[in-house]
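Straight from TrEMBL, the features:
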- 43-70: domain 'C2H2-type' (DOMAIN)
- 99-126: domain 'C2H2-type' (DOMAIN)
- 127-154: domain 'C2H2-type' (DOMAIN)
- 155-182: domain 'C2H2-type' (DOMAIN)
- 211-238: domain 'C2H2-type' (DOMAIN)
- 265-292: domain 'C2H2-type' (DOMAIN)
- 293-320: domain 'C2H2-type' (DOMAIN)
- 321-348: domain 'C2H2-type' (DOMAIN)
- 349-376: domain 'C2H2-type' (DOMAIN)
- 461-488: domain 'C2H2-type' (DOMAIN)
- 489-516: domain 'C2H2-type' (DOMAIN)
- 517-551: domain 'C2H2-type' (DOMAIN)
């Protein structure tokens, strides 16, 4: 019996550690099983202690640690760690596929690929995980799956240090940095980062459903869908929860169950639960205020190294993620993903209450707070509450008067980067957003959105105390203060308070003497644009005397720069 086991070991060359762990209790013929296998795996890897039956297998394995790839394709110079992988690769150049499936006539360049493919027809999954009993059709898939139990992620991204359980997952992830999508659909030109994703996508156009259930003849476009479907006939529930032993028909339902019940590490402060102690450790920093990662440039501190890395790109200007459809670049892959949807029009996140759709889950979350009324972020100065942390940050600057974003042209400062971006367009004249109904152009998307409501008559913001409705949330907020009497903006020089930041700004000029609005005819200056308008009320004189200018004095007060740009005699507009 022992010699038979040794023969099996010799035949397979490499024996799984899970198989080695299956000891037979008692003596007799099977008593030598463990010793035979231990002897068979006497060549150990010095890095991970994995055992092999022959030195050549160990040598090949060690290349996974060293990264060595000694076998090079003479056609495309791609390199491989194993000669057999090179031989298989070379057939992609010759087009040779000598092995044909007897069921669907699909051809393959190796007999092993054919054998694996054939299991999609038979449903055979001979490789079983000893932890959760999940079954796989290849040993390599089993090995990758086992890392979900061990947590092993041996492949690190050189760009962002994110780690992956397979080299293929790393390769696909790395294309997020390069925006590389090598595979293009010949029908709709949509591009994909992997050939398998493109193959599945192509079936949308062809209607091909190559995977048929042998029981009810129902067909599927993906083998995994067929596998899940078969279980409806057998009643089998192959996916077991290791904690409560409840069983499930699909891996997806097991994952949902584990997400709800399987989080073993809970926070002692708020009782939130996590699957991994590392996630709990990061979460605890929210309560302790610990921010162990400091920016070397501005000393701002962060809870995670990833947050620091993204922040630091704000100093370096690095935006490693570029859209392939326009020149725009982004500092995170998630921002790029959301941006891409502005080209495709995709809005995959619907609101369950009003069915409005959004291009990101975070935008949906913020929107849902309109329905719930939730405003989880409170200002520590005036106790005003906000639906997003960003809105709170911007609001808080009205108290501190902080304006960290400066225009490089006129040195004007702003409290948000988006306001600076919109302001810069007053220098460039750029108005990239146009109304499809009247073709009027705007310098910001928010201005366009508000303008479009003048066509539709939409007033989506109702007052909860009266029947009035408003075009913008800001207008609603200002109106609500007429009911509450709230005046959240206080002057730092006197005790006077105001209901709007604009009112405070105008008042503050009484202390500073600032008068930023100048009459271009008499050079008299005013503290508000309204006072300047009153100064010229009734005058319909062109500002420069040119009839072709066709702009009245009153009209040009708020847009003098625009008039100067269109007047043939620009010197007439200098003040």
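Residue numbering: from 1, along the chain as shown.
Heads up, the Cβ atoms here are built off N, Cα and C, so glycines get one too.
Computed from a predicted structure; not experimentally measured.
Where the domain 'C2H2-type' (321-348) meets the stretches 127-154, 155-182, 211-238, 461-488, the count of C-beta pairs under 8 angstroms peaks at 155-182. Here the domain 'C2H2-type' (43-70) has, by DSSP, the following mix of helix, strand and coil residues: 12 helix, 4 strand, 12 coil. Residue counts for the domain 'C2H2-type' (127-154) under DSSP, split into helix (H, G, I), strand (E, B) and coil, are 12 helix, 4 strand, 12 coil. Tertiary neighbourhood of the domain 'C2H2-type' (349-376): same-chain residues 338, 341-342, 385-388, selected by CB-CB distance under 8 Å and a gap of 6+ residues from either end.
Sequence-remote contacts of a segment are chain residues at least 6 beyond its ends whose Cβ falls under 8 Å from one of its Cβ atoms, and for the domain 'C2H2-type' (293-320) they are 159-161, 177, 282, 285-286, 329-332.
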